[in-house]
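Listed in Swiss-Prot:
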type     : residues : note
COMPBIAS : 26-37    : compositional bias 'Pro residues'
COMPBIAS : 180-195  : compositional bias 'Low complexity'
MOD_RES  : Gln310   : pyrrolidone carboxylic acid
COMPBIAS : 356-378  : compositional bias 'Basic and acidic residues'
COMPBIAS : 379-395  : compositional bias 'Acidic residues'
COMPBIAS : 416-434  : compositional bias 'Basic and acidic residues'
MOD_RES  : Ser421   : phosphoserine
MOD_RES  : Thr425   : phosphothreonine
COMPBIAS : 435-451  : compositional bias 'Acidic residues'
COMPBIAS : 490-500  : compositional bias 'Pro residues'
COMPBIAS : 578-602  : compositional bias 'Basic and acidic residues'
Amino acid sequence: MKSLRLPATVLFCLLLLIKGLGAAPPGHPEAQPPPPSSEHKEPVAGDAVLGSKDVSALEVRAARNSEPQDEGELFQGVDPRALAAVLLQALDRPASPPAPGGSQQRPEEETAESLLTETVRSQTHSLPVPETQAPAAPPRPQTQENGAEAPDPSEELEALASLLQELRDFSPSSAKRQQETAAAETETRTHTLTRVNLESPGPERVWRASWGEFQARVPERAPLPPPAPPQFQARVPESGPLPEAHQFGGGSSPKTHLGEALAPLSKAYQGLAAPFPKARRPETSLLGGTEAGERLLQQGLAQVEAGRRQAEATRQAAAQEERLADLASDLLLQYLLQGGARQRGLGGRGLQEEEGGGRETARQQEEAEQERRGGEERVGEEDEEAAEAEAEAEEAERARQNALLFAEEEEGEAGAEDKRSREETPGHRRKEAEGAEEGGAEDEDDDEEMDPQTIDSLIELSTKLHLPADDVVSIIEEVEEKRKRKKNAPPEPVPPPRAAPAPTHARSPKTPPPAPAPDREELPDGNEELPPRDRXENEVFSPVPYHPFPNYIRARTVQPPPASRRRHYHHALPPSRHYPDREAQARRAQEEAEAEERRLQEQEELENYIEHVLLRRP
């Protein structure tokens, strides 16, 4: 009986080892069972039977003791994803359903299955099982006893689930995915959108709202369904719930309990295997799919831009019109002021010329007297008097121009008021027409030029110049009168050029040029001639050099007298006839004349502009 139970015990131990190592990934040779010794292959009767029993018991204890050690060293250096995939593949393998009568299972099938499984897992050696005769009844009681000693499968499942959870929690990619998920949720929750409402023109034209409010306000768009991860669609049937629980509802097997316990792990594995989709911005996913939102935004932006351009063009046109009106009014006033000043300046210039002629005659008389007196003092006095006279003349001319300018302004204001009062009186134009018929040709020309059409154009011009119509009419009439006066006036004589004034600074007295120096041949030699007071009749000096070497001391009697030394005459340059002061004054006078001519030319151009542009504008 013992000889018959021995192979069943060995087979049960082998099955326990296979179940313990079924979840181990390939490539760990340390997890494989050690090769059986020769004691298992060749059983011997008698004492050999007892020895084989002890050996089998020792193997079972060693397998039990090695299970926690192998469990600790089993998953070291293995990728969490690969480990989870291997575990799920091991779980998804369909197991053979247990027969209703467990006692009818044939030991030959178990032996063949164990041989096949062991050969595939080890990949290095096979475990030959000794051929045994099929017993009439399977060793059920022994299996139950050994099964009671085997570890509880529920504890193994709990340990495996906790291990997978730890692997998933401590994987480096899970923390990153959690951060990305939190950032995406925060971005979606706090995102706001700006929309332009084209119907309301008030401050509610542009409103800001959260994404949910915008989605509610846009009725033509339907929310898109959340995209399913396509990476894991092929693996769903493999990792789905195991069919054992549905097929065998009444029976309970370790495989069924294992599938039920690892169902949440398979769902977690789906989340691990599928890459996390990138957080897409809601406006690109919703507004990019439809054209209504884009069209609304484009229309709103186009209207805002068009309104801005129109306002800018209106502002520029108003500024340009105001600038032109200011320029025209400034030109008119400048023309009026410069025209009166010019005419009065011409009259004052005639008086100034007369006064200048009197001053010139007086100056000529004074010069004649100074020439009679002679001397250099008269030149300085003449310069000082000329400078004083010029300064007085300039001051008088300035005062006269200022007085004439103020008088002209007062007369212009009084004339404008008189013309306004006459225009307000009825029948004013009829009286002017009668006076024009009785008057000469000048009045007729005046009426012909100032016709009603011209007055209408002038009134239109006044609106552009921001001035009253009466003021513009009076200004234009004054301009016309001055123009006629200038045409009828005789040509003004060209004034003679001014003489260059005498220099104002005092010149130094003229010194007569020195006499030319005598020739060297005519000069007497110092050794030959002596002054008459020191020269003796028989005294002759030896031709010895005066200073043969430095620090040489000679007697004083031997030294020649100082009168006999050579005299060197320094030739003084003759006084130059070039007087820079007179040339500078002449140049200054010429520049003043050119400036006056340019000023007159500018006034003429201004008058022509007013006559041909402003007065003839429709």
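Just so it is clear, glycine is given a Cβ too, placed from its N, Cα and C backbone atoms.
Gln310 (pyrrolidone carboxylic acid) carries a helical DSSP state (H, G or I). Each residue of the compositional bias 'Basic and acidic residues' (578-602) gets a DSSP state, and the totals for helix, strand and coil are 23 helix, 0 strand, 2 coil. When Cβ atoms from all protein chains are considered, those within 10 Å of the residue listed as 'pyrrolidone carboxylic acid' total 10, not counting its own.
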